[in-house]
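Colleague: Copying in the features that TrEMBL gives for the protein in this structure:
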| type | residues | note |
| --- | --- | --- |
| TRANSMEM | 12-35 | transmembrane segment |
| DOMAIN | 87-148 | domain 'Potassium channel' |
| TRANSMEM | 120-140 | transmembrane segment |
| TRANSMEM | 170-191 | transmembrane segment |
| DOMAIN | 181-260 | domain 'Potassium channel' |
| TRANSMEM | 203-221 | transmembrane segment |
| TRANSMEM | 233-252 | transmembrane segment |
Amino acid sequence: MSWFHLVRVKVNWTALLILAHFTYLLIGAIIFQMLEREAESNNRNHFQLEKLNFLANYTCLDGPALEKFVQVILYAWEKGVNPSGNSTNPSNWDFSSSFFFAGTVVTTIGYGNLSPSTMSGQVFCVFYALCGIPLNLAFLKQLGKCLTIHLGRLERGMVAVVPHKRAVEALAVSLFFITGSLLFLIIPPLLFSYVEGWTFGEGFYFAFITLSTIGFGDYVVGTDPGKDYISLYRSLAGIWIIFALAWLALILNMGARIMENLVILTHPGFKKHDEEDKEVSSSKLEVTSKI
């Protein structure tokens, strides 16, 4: 009877997660469509109008010639070449930019504004990602452990001053969250906004899209041909990404633990079922080892 109740709870919880996940996707699709479809239509109409005006001003060109030139521009953009400016634009494959690109590969951000165009580069990128992604995960895990150790030391130091353990834990986590937010989510967008000429909202948007590893590629640092960047600018941005991802992963793990504790407090049965599930798994392992 207890096993049947456990299975029923698990099935209900799984069904609830599936329903919530796809409902969330549907809601997102509807809202994005409402917010973006009209703007896309306006941009498309504006582009067609600009093409007609261009043809009217330059009568030596015809429609097919202009379309061919547009295709050349699109091809250049897909290959990572900025069509604006001239051939003296900074290279996308200098050391700093290459270091930044390597970081986007192993962190699976993949902005999409730059990719290998040669066959040898594409083959190397595949094997580099196969080895680099697990290495990056191991590095982030170890870095998260180091941050957890420092957080524990902070808690113990505060407990020595304030005897209330629960309050100290909450205060330490809050300080860790606030400090990390300043270092990784507030100050970097301010710097990016200053260097790139973005608004703070655009800088914060870039930071969040980057650290969530979504990486749309609509905003990328160090890609404006009209600006003179310092040589290590994109390399420093890559280092920021690595450490910020470790901090964010730790914050997400802490949030998951808090949610789990809240569920256990509000539904004590879940803890009992989890313990029963662990007992069943351990007994199965014992039987298997005996066989």
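The backbone N, Cα and C atoms fix where each Cβ goes, and this holds for glycine too.
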Colleague: Do any residues, 6 or more residues outside the transmembrane segment (120-140), come within under 8 Å Cβ-to-Cβ of it, and if so which ones?
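Modeller: Long-range Cβ neighbours of the transmembrane segment (120-140): 102, 105-108, 242, 245-246, 249.
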Colleague: Counting each residue once, how many in the domain 'Potassium channel' (87-148) are helix, strand and coil under DSSP?
Modeller: 42 helix, 0 strand, 20 coil
Colleague: Which of 12-35, 170-191, 233-252 has the most Cβ pairs closer than 8 Å to the transmembrane segment (203-221)?
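Modeller: Checked against 12-35, 170-191, 233-252; highest Cβ contact count belongs to 170-191.
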Colleague: If you run through the domain 'Potassium channel' (181-260) with DSSP, how many residues end up as helix, strand and coil?
Modeller: 56 helix, 0 strand, 24 coil
